[in-house]
Amino acid sequence: MRVGAACDIARAPRQGVTQRTDTTAVRKDLRTADGVRIEARYEPYAGPDTGSATAGDPGAIVLAHGFTGSLDRPAVRRAATAFTAHAAVVTFSFRGHGRSGGRSTVGDREVLDLAAAVAWARAQGHRTVATVGFSMGGSVVLRHAALCRAEYGRGHAESTFDSVMHRGRTDGRTAAPASPRDAADAAAATPAPAHADAPVHTDAHAPAPAPAHADAVVAVSAPARWYYRGTAPMRRLHWAIQHPLGRLVSRYGLRTRVHHRDWDPVPLPPVAAVPRIAPVPLLVVHGDQDPYFPVDHPLSLAEAADPEACELWLRPGFGHAENAADAALLDRIGTWAATRLRAPAARPHHGTRDPHAPRAAGSTPGHAPGPAPDATEGTDG
């Protein structure tokens, strides 16, 4: 992998209007590398003094919501509030969601949205950033971590970008503007890359953007592979994404604007991205009652990951994503992320299971069991 170049998926112009909503939180419109306007919110750390060697910097957690979510949804706000006890928190709405511009590509170009949010978190002065993604957001944080890497050879961390992605690349389309304002904004923005894995060339005299890599990654209720239709919720989701009537229902019923074009080419699947994440610490969290993705998805992710950099928590009774995550689980995720942010050299062992969960049949201590022999190919949710 080439090192030394700044992370190009985050080289978006530093544009956007900052709006202070109260004495602690700040809202801002960010600009992605392909010119899409993304609404974001920053909330400072609300916990005790860390007393760490980072001169009081607790680090930041960037929260990536699931499909049909947004930064103002109650479940996202609840998770963000829980995470502020452990670090500063950035929430944002993916393209096509909430008040953000563009249209959803269901995990494809959303990598650019996450990169903009991570860069903004670092621009607030945080040296370490963890990404926590739920469902679709979980697939995005995995692909983002594989694309955007840290390089420490110059006395400070920079982001490096691997433009050669084997077994698939992100689609080259630019999301269509959702409004005249977005169209005007996009026209003035940095030209879109040929695909989200390609570099964006910017003015050499412009200020260097903040690094956009993650120092720790948490994927909750994430798919391992694309196009999974093995559960009724996923069959309904595919209809809402791929059928013209379904996209109307998504727009007016779910308040989510979905792009009408299919993936071509198909992006790198999460299970192919996870081997590229190490040595960045990775936590995979999944519930045994997930109605969208059965447990072969997290098991496949854990098996594909570096055995020295990944933990797997299988939670009994846990359903799907941020809507099902209770306060105890959110607190444990926040604790895990904060520990890695303040001690980034720590490397957990692959397959470490939730200590509160019973071991699945066929598993061995310190190693996750393999996927079921009849596991079905999967997709985002």
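Just so it is clear, glycine is given a Cβ too, placed from its N, Cα and C backbone atoms.
Owing to the predicted nature of the structure, the values given are computational and were not obtained by experimental measurement.
The feature region 'Disordered', as given by TrEMBL for the ranges 116-162, 163-209, 257-303, sits at 163-209. Here the domain 'AB hydrolase-1' (60-146) has a mean pLDDT of 96 out of 100.
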